[in-house]
Amino acid sequence: MDINQISLHRIKLPLNSVFATSFGKVTEKDIIIVKAHSGDKVGFAESVAMPFPIYNEETTGTVWHMLETYMIPQLLDKGIKEPKDVSEMFSYIRRNNMAKASLEMAVWDLYSKQKGQTLSAALGGKRSEIEVGVSIGIEDSIETLLKKVEGFLGDGYKKIKVKIKPGWDIEPLEAIRKKFGDQIPLMADANSCYSLNDKQLLKELDQFNLMMVEQPLAHDDIIDHAKLQAIMKTPICLDESIHSVEDARKAIEINACKIINIKVGRVGGLSEAVKMHDFCEEKNIPVWCGGMLESGIGRSHNIAIASLSNFSIPGDTSASSRYFHEDIILPEVTLSKPGIITVPEKPGIGIDINQELINQLTVNEKVFKRETVNF
């Protein structure tokens with residue numbers, strides 16, 4: 001693919017409001033932007049890691065270290081022919097999936113631009129439009145939560161995801177159902193903050209007719225999730241527990257879940273995400289594309305992967321304005337109609353980069369060049 005330069009930009013992109021989960025509160029997105037250069041073409045991607053190891057073991061610091069020290073020098077030295085070679089090249093590295101994904105996704109964007117294809121088409125996407133939902137953090141009050149739900153329903157979002165934690169679970173869900181009725185598409189995301197000792201409380205969620213409850217138990221568990229799913233009517237969706245197709249196979253085999261959330265960063269890149277999608281489709285397990293407060297760059301990658309056929313549940317890929325006063329892409333991600341985002345038609349991820357804003361937000365950057373290009 002003649003990649004002769006890779007550059008990194010670390011930026012701090014302010015959120016337009018505090019986003020709270022059971023892990024903690026986020027006020028800005030700490031992002032590593034990866035650019036893969038070949039001639040006049042540039043592929044873009046971003047790392048979805050957080051500043052602290054609260055979602056998984058990775059952080060923006062560890063991602064920068066892995067890219068700078070191991071991955072970028074090796075890729076530039078050895079070269080690749082196509083994007084899937086990135087995953088194979090770094091298969092010897094344990095975990096560090098978000099670092100792997102950020103580099104591989106930049107290569108995918110570059111590759112599809114070189115081919116004159118949309119990223120969606122390069123991945124095998126079937127849809128020109130995707131249905132999208134919205135994620136609501138843990139709010140300060142029920143009143144604030146209900147106002148946000150009302151606003152997002154007014155925007156036409158096809159799924160309302162509410163973060164829950166012990167002490168903020170039954171009451172908010174009950175309030176939403178009481179005010180908006182039983183038919184709105186509602187789910188709960190626990191971010192792994194319960195244990196099997198809470199099974200009676202979690203069974204109470206069945207009364208709310210939820211689309212699913214996401215990752216109620218430990219981040220590295222499937223065994224207890226299988227025990228919980230056996231006594232719950234509400235479908236369990238796994239997120240943090242699934243890092244590979246093998247993880248998905250094992251979870252499905254023991255009936256630990258009925259739905260899987262595919263996050264490209266969590267599973268190590270678009271190639272693995274496509275494999276997981278295909279496997280789940282074969283097993284009749286629906287999937288959806290989760291979000292990690294991405295900027296428009298990561299959001300555009302999510303739009304592309306969500307165009308595949310088995311992404312049958314609306315994902316978390318809401319409009320840029322959901323999280324940011326100003327995004328780093330042009331045009332920003334918007335709803336083309338209520339609850340719908342149109343898949344871009346330009347090559348690659350299909351958007352332009354607001355480089356001026358990126359320069360203003362950059363706190364660290366580094367350029368890696370290869371003197372001789374492998375053919």
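The backbone N, Cα and C atoms fix where each Cβ goes, and this holds for glycine too.
Note: TrEMBL annotation is automatic and uncurated.
Residues annotated as domain 'Mandelate racemase/muconate lactonizing enzyme C-terminal' in TrEMBL: 142-235. The active site, proton donor annotation in TrEMBL covers K163. Annotation comment: TrEMBL describes D189, E214, D239 as Mg(2+) binding site. Here TrEMBL flags K263 as active site, proton acceptor.
Looking only at other Cβ atoms within 10 Å, the busiest spot among the binding-site residues D189, D239 turns out to be D189.
Proximity to K163 (active site, proton donor), defined by a C-alpha to C-alpha distance within 10 angstroms, is shown by the following recorded positions from D189, E214, D239, K263: D189, E214.
For the pair E214 (Mg(2+) binding site) and the residue listed as 'active site, proton acceptor', the Cα-Cα distance reads 13 Å. The average pLDDT the prediction assigns to the domain 'Mandelate racemase/muconate lactonizing enzyme C-terminal' (142-235) is 97.
In sequence order, K161, M187, A190, N191, M212, V213, Q215, C237, L238, E240, N261, G290 are the same-chain residues whose CB sits within 8 A of the CB centroid of D189, E214, D239, the residues recorded for Mg(2+) being left out.
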